[in-house]
Amino acid sequence: MKERDSESFESLSHQVLPKTSNGESLSHQVLPNTSNGESLSHQVLPNTSNGTHMIQMAMANSGSSAAAQAGHQDQPDRSKWLLDCPEPPSPWHEVKSYVKGSFLTKLKRFKSLQKQPLPKRTLSILQAVFPIFGWCRNYKLTMFKNDLMAGLTLASLCIPQSIGYATLAKLDPQYGLYTSVVPPLIYAMMGTSREIAIGPVAVVSLLISSMLQKLIDPEIDPLGYKKLVITTTFFAGIFQASFGLFRLGFLVDFLSHAAIVGFMGGAAIVIGLQQLKGLLGITNFTTNTDIVSVLRAVWRSCQQQWSPHTFILGCSFLSFILITRFIGKKNKKLFWLPATAPLIAVVVSTLMVFLTKADEHGVKTVKHIKGGLNPISIHDLDFNTPHLGQIAKIGLIIAIIALTEAIAVGRSFAGIKGYRLDGNKEMMAIGFSNVIGSFTSCYAATGSFSRTAVNFAAGCETAMSNIVMSVTVFVALECLTRLLYYTPIAILASIILSALPGLIDINEAIHIWKVDKFDFLALIGAFIGVLFASVEIGLLVAVVISFAKIILISVRPGIETLRRMPGTDIFADTNQYPMTVKTPGVLIFRVKSALLCFANASSIEERIMGCVNEEEEEENIKSNAKRKILFVVLDMSNLINVDTSGITALAELHNNLTQAGVELVLVNPKWEVIHKLNQAGFVSKIGGKVYMTIEEAIDACFGLKV
């Protein structure tokens, strides 16, 4: 009999009471047959003065008051599980556990290594530090053939690009080639990506020139400027290696994806405008990077000094490179054509200038490029400079930008090949590549998207393609630098310009606009900041907007009003699910935030009270009842933690609701939350009304009123 009564109570407590045709809610509700056989199909529930006894009358008529009491008696047992849970671990205990766990894990690995024979132990250590010792054991001749082809194709693109990017960084051309020798070798030994191609890239080159030339003018003091670049590269490598060693990769995420897309797009346009100097053969040019200054400099120079021969030559080969790229996209088998097009352009244009003596008619050439193996540059590291603090800051910015680009590129192609990229090892590999590179006359290197795509298309199997590329560039430094004397600077400008469309991702910008308008604002902020101010301002704007989004969400979190889904025990957001139905006398809220703290507590309290007052006014307009709200149920399942300000706000909410004759009920608080509420005495203040689910809370509350 109790089971049948309990079923009757459930059916009534979950019953939805819709409005009648005359607008009076709950006055003529038709109730289903009860389990005791008494038909309530024609029972009329008259309005009461305060609307509080409606459900109880229905329960009494159905003979289910005993079941309600039984349900209420069972309820504290389940609430006790929640209220009497053990004390959660303190933050200090969690830190100690994390450190201890990491230490024990390493200790176990060390002990397991000690049990192994010395040769196997040595090999295991080498594989952990240098992954090349892992994959080279299964290396085959067929794999080397593919890597050889990919490496040679990569070198044909890398050599002209490296020379061009060095000039973009305001360095002599050989420094770009140096950067394509040592860092790829280090990465090949320590990196986990099979496709990524390491070397100088356009964005990092722009960052170096735009920020360091404010400290020392490369035209006035090239030696001092070179020392700044080498020192900055050292700091960038130290930061990158530290990120990997201490697992601080989350710092790279401070720049959101949208911010990076905007920054890359703005930087691409700035780089393109700066290449107009080489494309037009302009001698005097502005050192500013904003679009207004660059366009003004171009306009003034075009009225006074520019070389039509240089412009025609540069535009012709730029068209050639772009056409080959279009052909390569249409026919994937001709991937080698756009990859070798820059080298073909360099060779053909150099021959043309040499044979026609165009350098005597205003066409500027690269002239002397110092060849030979990378010279040692440890003595160029300058830690006594008065600009050391600014150099470290610039190194940090370059480290983050370079890692962001490299890891994004590596993960993209690793996903295609179906293997996992170890982010921490990648950061350490790139970091050590730059640290050792700073000892060997290299500037900051990272993964290049365009060269990685060529490496992938050429069929590379392992990082051996980087080694092949490095050896090929070294051979070019030893044997071919004299042949580049007559290479026109306009060709280098056209090579850089041809690589820029890949940095401007219009489709991704449109996608971000459709998905998240706030992210698009960060994108536009970074884009406009780089374009009209400077690279640093663009990055700063992007970071500020990204953090503003986080702060705004934290300070003004949304409040969801929950109601029951028809025919279920599921409670859902009324805005997302308009078909939800209201439970009479109850308002259910859920906070869309993981933390109830000083930043958002007052706002949440005010918004809940505002919703309660609006609901009461709406009910009063519909009927003459003085009060219809009996309970406010606060679903705390989203909250991970709460601070003292949050507890104070909950206490104020409870007091305000009590004065209005409304009871506050809490549902599903997390471990840390319920512990703090118990410690503060808030649970006892609300009479222990804390439940596991919303359904239990509603059933128990109306059971108390029987």
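Quick reminder: no glycine exception, Cβ is built from N, Cα and C everywhere.
Look at TrEMBL and you will find 9-48 tagged as compositional bias 'Polar residues'.
Residues or ranges marked as compositional bias 'Low complexity' by TrEMBL: 62-71.
Residues or ranges marked as transmembrane segment in TrEMBL: 196-216 (among others).
The transmembrane segment feature in TrEMBL is assigned to 228-248 (among others).
Residues annotated as transmembrane segment in TrEMBL: 254-273 (among others).
Sequence-remote contacts of a segment are chain residues at least 6 beyond its ends whose Cβ falls under 8 Å from one of its Cβ atoms, and for the transmembrane segment (311-328) they are 278-281, 334-335, 337-339, 341-342, 344-345, 348-349, 352, 358, 363, 488, 490-491, 493-495, 497-498. For 311-328 (among others), the entry in TrEMBL reads transmembrane segment.
Using a Cβ-Cβ cut-off under 8 Å and counting only residues 6 or more beyond its ends in the same chain, the transmembrane segment (335-355) has close neighbours at 153-154, 156-157, 159-161, 313, 317, 320-321, 324-325, 327-328, 363, 365, 454, 457-458, 483-484, 486-488, 490-491, 494-495, 498. The transmembrane segment feature in TrEMBL is assigned to 335-355 (among others).
What TrEMBL lists as transmembrane segment is 391-414 (among others).
Look at TrEMBL and you will find 426-446 (among others) tagged as transmembrane segment.
TrEMBL lists 452-476 (among others) with the feature transmembrane segment.
Beyond the transmembrane segment (483-504), the same-chain residues lying 6 or more positions past its ends with a Cβ under 8 Å from any Cβ of the stretch are 160-161, 163-165, 167-168, 173, 202-203, 264-265, 267-269, 271-272, 275-279, 281, 310-311, 313-315, 317-318, 321-322, 325, 342, 345-346, 349-350, 353-354, 358-359, 363-369, 449-450. Annotation comment: TrEMBL describes 483-504 (among others) as transmembrane segment.
Annotated transmembrane segment per TrEMBL: 524-555 (among others), in sequence order. Counting same-chain residues at least six beyond the ends of the transmembrane segment (524-555), those with a Cβ under 8 angstroms from any Cβ of the stretch are 206-207, 210-211, 254-256, 258-260, 262-263, 265-267, 269-270, 288-292, 397, 401, 518, 593, 595, 597, 599-600, 603.
Per TrEMBL, the feature domain 'STAS' maps to 596-701.
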Arithmetic mean of per-residue pLDDT over the domain 'STAS' (596-701) | 89
With pairs restricted to those 6 or more apart in sequence, evaluate whether the transmembrane segment (452-476) and the transmembrane segment (254-273) have 3+ C-beta pairs under 8 Å.
-> no
Which range out of 196-216, 228-248, 391-414 gives the transmembrane segment (426-446) the most CB pairs under 8 Å?
-> 228-248
Secondary structure of the domain 'STAS' (596-701) by DSSP, residue by residue, totals 59 helix, 15 strand, 32 coil
Taking residues 6+ outside the transmembrane segment (254-273), which of them lie with a CB under 8 Å of any CB in it?
-> 168, 202-203, 206, 289-291, 294-295, 298, 400-401, 404-405, 408, 496-497, 500-501, 503-505, 508-509, 512, 516, 519-520, 522-531, 535, 538-539, 542-543, 545-546
